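Take a look at the structure set out below.
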Amino acid sequence: LLITLSSEGTETLPAEQKPVALLCIGCSLIASSVLLLQKSIWKAFYRSSKLPAKTTAAVVLFFEFLVSLGAAILTIVAMPHLDIVTNVTILNSVAIFSALLQVVAQCTAKERNRFLLPSITAFILLVLGYVLFLVLYIMKDPFDTKMAIWVGLAVGGSFLVSFNWWESYFRLIGTNSSSIFLKNLCRDMTKCQNILHILSSLLRIAVTACVLGAYVPLGQMDWDIVRSIPTRQTRIIAIIIGVQLISSALCHWFALAACKMHALRRCFILPLYLASLAVMVLLVVPVIVYYQDYRTSLNGTQNISFTDYCNVVVDGRNLSLNGIELKVESSFNPATSLPSGSAVSWWLGLVLATFHLWQLSLHRIQRTQDVFIRRLYEGGFMEQSLLLNTRFDIQTTEKPTDPVKVFFCATMWHETYSEMMKIMISIFRLDQYRPRRDGETSDVSFEGHIYFDDAFRDVPGSQGRHVNEYAEMLVEIIQEQVPDQTVVRTPYGGRLVVTMPYGNSLVVHFKDKTLIRHKKRWSQVMYLYYLLGWKLTTKYFGKWEEGGNETELKREFEVRGEKSSIMCMQTQAEYFFIRRTRHNTYLLALDGDTDFQPSSVMLLIDRLRLYPHVGAACGRIHPTGSGPMVWYQKFEYAVGHWLHKSAEHVFGCVLCSPGCFSLFRAAALMDDNVMKKYTIKASRARHHIQYDQGEDRWLCTLLLKQGWRIEYNAASDAYTNAPEEFKEFYNQRRRWGPSTMANIADLLGSGTLVSKRNSSMSKPYMFYQFFSLASSVLAPSTVVLMIAGQACFKSYFSAILIKSDTQILIAAVMSVLYAFHMMISALTLIGIMVKDGTIMTPSGIFIITLACFYIVTALLHPQEAGLVVYGCLYILCIPSAYLLLAIYSMVNMNNVSWGTRETAPAPGAATPAAQAPQTQTQKCKYLEAERNDRKTQESEKQGVLDYIFMKSHDEKTQKDRKLNLFFSPHAQITFAYFICNAFWLVTTFSLQLLDSIIFIQVPKIDTNLQFTGEYIYIDPLGFMFLLAFALLVLIQFVAMVYHRVSTLIHFVAFQDTESKLEKQKQQQV
């Protein structure tokens, strides 16, 4: 339509206003280049970018110059002089160079020969289309020199545009040829693509501007008309250019979504093939039909041509258009041009040139760079650019992917019967979802390990230690499904080995805390070194046992990729095998009460399988339980996942992948300074907080420092029990709060190094985390300002002098009082807004914005929208959560106990008599039998126990040492925390007292959003607080919307690609 407006044959725009339409065409051409320029600059700033070689830059810019010149000449100069049918169909001819390169590429790669005939046929048809096109226009008027020039420019411009997708074929040709130049060129283009895209985008914009700027004067047109366009024409042009730009961007995005959702054929290829046909049907065919009807209505009394018919119709319309003259002149004969051979040849040529797309086998949520060779689209050639931009070197036959091995590792301690049932049911679901059969290879195989901490007790009158009632409870649950069990005595306690009903193995490791360190982090250290440090490399330990040279084996095992050129072929093959094995081995970290579905695990596996730089992925954690404390946590978890985790995933990396349900890559865990550093014993006060109080966050910090990415998948749901009592909740958050601050501070302290090493952790993102950390530190004083209390900080000093249990009791009472205070304050605030008739107060804006924000966010999560009801309780508990809990956490940092699950088992749990000695049949069956595995045990002991066996000595001495270490740093940290909040309070109160001198004037608006003539005076800090809050909300909301769309794409792709058999199994489970 834009080209039609700029045509000489239409008078919708007067001749002197044609530059406006040409300017809009130019904007359509450079819109994608502007977007690519912005995206490349952001990525270059976001990540470390390398400068390309001069040869690489010259080659890329040469092709970009040809493409941009051809596109500008074709659309701005030539096409306005052609008819609309030719303009629609000539765009399909841009596949000619791609078809030629396909022939060359397939001749160099034998496996592509099955597409050689379609490529050759496509090239012949496209050339034939050009020939027919030239003959048609030249034979129409052989003496029309101007038309010959326009036709020649159209052919030349479309041919130059066809160079746009050279990169995909050059990569394939370079891979299969011995040309060092092509190999270096492709390698350099991959490494330096951000800088190359910046240069190419600037070149395209400049070339398009030059062609447009030169053509207008040459066409005897004047740019001054742009400043004085009538309102009607302005509206028409604005609507058309707006629709073109928005629809092009949406088309590109939906095309990408279709590929990721595994809907390549029905939602990508077929619609793009039919696009040009649909345009002709919608715009041309109705006119032809009306023309035929008009000729029939004349009953042969008058022989009227199509041009005369257009004049008659336009003259008839002029009677009702108030004298506005609209003339449409057709420069083509429908009898020869509409079904012309050139249009058919070009369309068939495009179809055959992209015939290989029908055979593509894409993974769900396929990476964009694995689908398209160029980052963005071509605004003037939408459907052609999407079809031809698809990588030609994608595997066209479905090859089996490397099998994935998943070790799911659950840590247990004092879980109740119902909690153990949850985790065991989830494990048996996985067993049924991916059964293990002899002789069959599955894409994903599972192996279960449960690490039971502190599983033994002393029984009076019995020799040795026996398992406690919690371990007995777990064994009884397993025996209900698997009666046949194998028991192995181990140096750390005992090991129970069972084969689950569908063939997968499950191993329960019972730990004796007198033999090995206990608590969760050391259980994780144990299974990291057992599964990754020993079991994953059994082959090399076997060689070592057989007498192999330890130094050579170590060098072979730890050999790096940069040394592969000097290794023998066998060593290279073994190295790549080890690296691939590490890369395709995952650890699923679980808690003893986690409930999940197999689909949740598969969604996490997808993230790690397709994105090699992802070291860990976590899902959406749902707290379960009953009571007000659980209600509060349900909303808190929802907000944390809806907003905070989504923002971290989109703009950077998730900082904490919770240990209750997270998938880790073995290669990431075995990286330098990750697994080894994770085993460090805490020797300083800060270490106890960072290492032991939040072990999952500490492990993620190590992964982020090594450059690994951590992601969040909202469709991967898992359920875990939440604290139901006030004391248990406070003790849990007493561990989490300081640990979170310590790890974020650690990342910020090495921010420059982290940004260089981790491509997802940019400096703007580090500033975002710094702002979040500052908000957390100043949360107590902010709450004090909100509730306007002055005695709140007295609890700092009183809390230090009383016991922990007393502190919790006082905090519980004060939480109730502050909740009533918050309720009264909210009602008072609403009453003041109603009385004054305005919402333009800092408090009013804050409350209304917060409420609307949470409601809209909840509506975007329809399955969890009901949780917004608990938001009222969350608001009332703000003083307790952000003031009292912060104080409790600060003054009890010297308490290194776990804080949860330190009570007796729940009533009704199966607990056998404690005093009865265990008989050989009852107890030794799963702890003291089977000593025939001596060789395996010795291998384990030599290969891995040196790492994980760190026996406990005198716990009392260790605890006293921790208290001594904590006293001085604890006082310093608490004092600094208090000073920061006190400074913020004093500064804010001082500015409020000086509000008559220092203030910001804001107009007062009533409930109808009308200016009342009065003003409200706000102190600068309050205004900055509102501004920062609004900016933070906006950032998180944008990230949340983007992440919701990505989650929807992944979920739809998973549901679509899951086989019918697997769906039936899932329903049965």
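Glycine is treated like the rest: Cβ placed from N, Cα and C.
TrEMBL does not curate its annotations; it predicts them automatically.
Quick look at what TrEMBL annotates:
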TRANSMEM  20-37  transmembrane segment
TRANSMEM  58-78  transmembrane segment
TRANSMEM  84-103  transmembrane segment
TRANSMEM  115-135  transmembrane segment
TRANSMEM  147-166  transmembrane segment
TRANSMEM  195-216  transmembrane segment
TRANSMEM  236-256  transmembrane segment
TRANSMEM  268-291  transmembrane segment
TRANSMEM  344-365  transmembrane segment
TRANSMEM  844-861  transmembrane segment
TRANSMEM  975-1001  transmembrane segment
TRANSMEM  1021-1042  transmembrane segment
| Cβ contacts the transmembrane segment (844-861)/the transmembrane segment (1021-1042), at least three under 8 Å, sequence gap 6 or more | yes
| query | Looking at the transmembrane segment (115-135) and the transmembrane segment (236-256), are there 3+ C-beta pairs under 8 A, with each pair at least 6 apart in sequence? | reply | no
| Looking only at residues six or more beyond either end of the transmembrane segment (1021-1042), which have a C-beta under 8 A from one in the stretch? | 642-644, 646-647, 649-651, 768, 771, 782, 842, 845-846, 849, 853, 856-857, 860, 987-988, 991, 1000
| said: With contact taken as 3 or more Cβ pairs under 8 angstroms (pairs 6 or more apart in sequence), are the transmembrane segment (20-37) and the transmembrane segment (147-166) in contact? | reply: no
| request: May I ask which of the stretches 84-103, 236-256, 344-365 has the most CB pairs under 8 A with the transmembrane segment (147-166)? | output: 84-103
| field | Chain residues in Cβ proximity to the transmembrane segment (344-365) (below 8 Å; excluding those fewer than six residues from its ends, i.e. six or more beyond) | value | 89-90, 92-93, 95-96, 98-99, 102, 115, 118-119, 121-123, 125-126, 128-129, 132, 259-262, 264-265, 268-269, 273, 276-277, 371, 384, 387-388, 390, 392, 394-399, 401, 606, 609-610, 1049-1050, 1053-1054, 1056-1057
| remark: For the transmembrane segment (236-256), the distant same-chain contacts (Cβ-Cβ under 8 Å, at least six residues beyond its ends) come to 1-2, 5, 12-13, 20-21, 24, 27-28, 31-32, 35, 229, 267-268, 272, 368, 371-372, 376-377, 379, 382-383, 386
